[in-house]
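Student: According to TrEMBL, the active site annotation covers 451. For 450, 455, 508, the entry in TrEMBL reads Zn(2+) binding site.
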């Protein structure tokens, strides 16, 4: 059997996302709008398979064929007859549910590969003897031959997502290195092309020179285009001794489905903002234009307080090893009015609270652009995973001048962060009951502050293409050096492109630190309804949760490569290091032995020292983070951040040794079962599923009732067309194009 780090356990937590009441309150027109947006999101989410690993599309197609022909209960009877135990079949169901939930065979949270926890020979018997194989023997056998080895392989390079020798990624061809990624970013910056919707493919040309293809995601391909915005970019370039060709058409048949449903959703839009937003998204996905997506995002920002909220596109760059390319995601959700009212009060206090942050006014935006901040119940979240909160759009220029929106995903929080006492690790017994009582409320506060005032704060110093600055070079002083500002962002440079590999984690750390810092403010706690001892308990549990999360983060550190696989967890480890460095017994991490005789550890936080020791330490750290970000000081930012993110075995904490304990005691992240919507006549029905691996599989088996086989063929054709770029699948499965 595989190392437990690379399997999903049979007893993994599975929860169903409850949005029944919020959906019931929608009008018929709002339901139709939500339905077509959901369809667009689910179709687009299939692109994530092609953004993850070479084998992921084949694994998805194989599983879809199996479970369309036989549901989990029917396949169980066949599997048991083939000699599998109940535990082995359950392990296969959990694996399949994991592939669907993560949109691939790598965990969305941690980027670690997971493999089936049963012998390969037994799974092969189940697959080749299944009803699907009887009905389509060549196709099923071909799919298994193409992905079977890679499905189980734990060859060192394949254990994690990464670039070059560090792991596998399909954002880049297999021969790309970090140097190639940097060269490509410099090229993209020079042509003012965004990396968000691109992939990079490298080959050596007949002339012996390196040839790079920058491929944009779009419905349209190489045919002559009428749109001047993108036509001028689609050509060959010579750059620093290498040949670059900008093309488009990545994921074309998938994005065609997205566009079709966005067109249908437009019919049911509630206002002109939504209509224009969808029109620009359609333009973006059709032509491959990030500028069109930005225009759509502007209309989205202006659509204040919609009943049905959504966002769709190539959004988060966490899984690109270089940190610039966006993973496709789309969500559709409905407003939770009670919690939204609290967030509205937080927004109303935002300008006052921003003044409490520990950097000079010149380092804050010239004007706080009041955002929407709502609590939503998610109907659909397509992509590799579901976050607890979102602050979007991620385009720096829009955030600085036009604004943004914050959303807290209430029904996700309700299921994802529910905690059982017996599964609570690394806490003192005295803290466990308090932690369970206040973790949910404290997380509401942290998510609110993190999204609104963490991601929503801070100014970037920019010099535009005409040479004009957005700050006064003569008067603005760097508070860390006492000197005038020495560095800034040039035209075309962004936070992601400049800070690249650390950008996502650095920004998450800054936002988390803002949340911890401002949760000490009485006004914040009053907004959420906490006073007196309750308020103190919320503060304590919020800080305690962060330092515990910093310890748990060690699961996502890879000692062999000395790197982190998850931005949020790296950020939390950095905060733990900052608070440990504060000294005076504020935080201690003590190795111990558990009741089972195996290594264990305890985290302790001294409540009485949070304000006197913790706050000043966090204040100094936050100011440095913001100053380095504002000034675009990459060298200083890397030195600070990578210094705190380093994991060694130096005493007293001995973090490398503690990592072994964390892996020994780890609990797998829950799988979340989402509903479907189905159009019956002119009415939209909500289809819900049980909270189990089998329920999650059924939700996906029923997700594409009209065109499931067609989508499987599309995915395998797209994967096969690019298979030569990786060491994985090199030819089409039998029966596939």
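Heads up, the Cβ atoms here are built off N, Cα and C, so glycines get one too.
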Student: What is the set of residues, excluding 450, 455, 508, whose C-beta falls within 8 angstroms of the centroid of the C-beta atoms at the Zn(2+) site?
Tutor: 391, 451, 454, 507, 510, 511, 512, 514, 515
Student: Looking at Cβ-Cβ distances, which residues of the chain lie under 8 angstroms from the residue listed as 'active site' while being 6 or more apart from it?
Tutor: 373, 389, 390, 391, 406, 407, 408, 511
Student: Would you find the one among the binding-site residues 450, 455 whose Cβ has the most company, meaning other Cβ atoms within 10 Å?
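Tutor: Sorting the candidates by Cβ neighbours within 10 Å, the top entry is 450.
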Student: Are there any residues at least 6 positions away along the chain from residue 508 (Zn(2+) binding site) with a Cβ closer than 8 Å to its Cβ? List them or say none.
Tutor: 567, 568, 570, 571
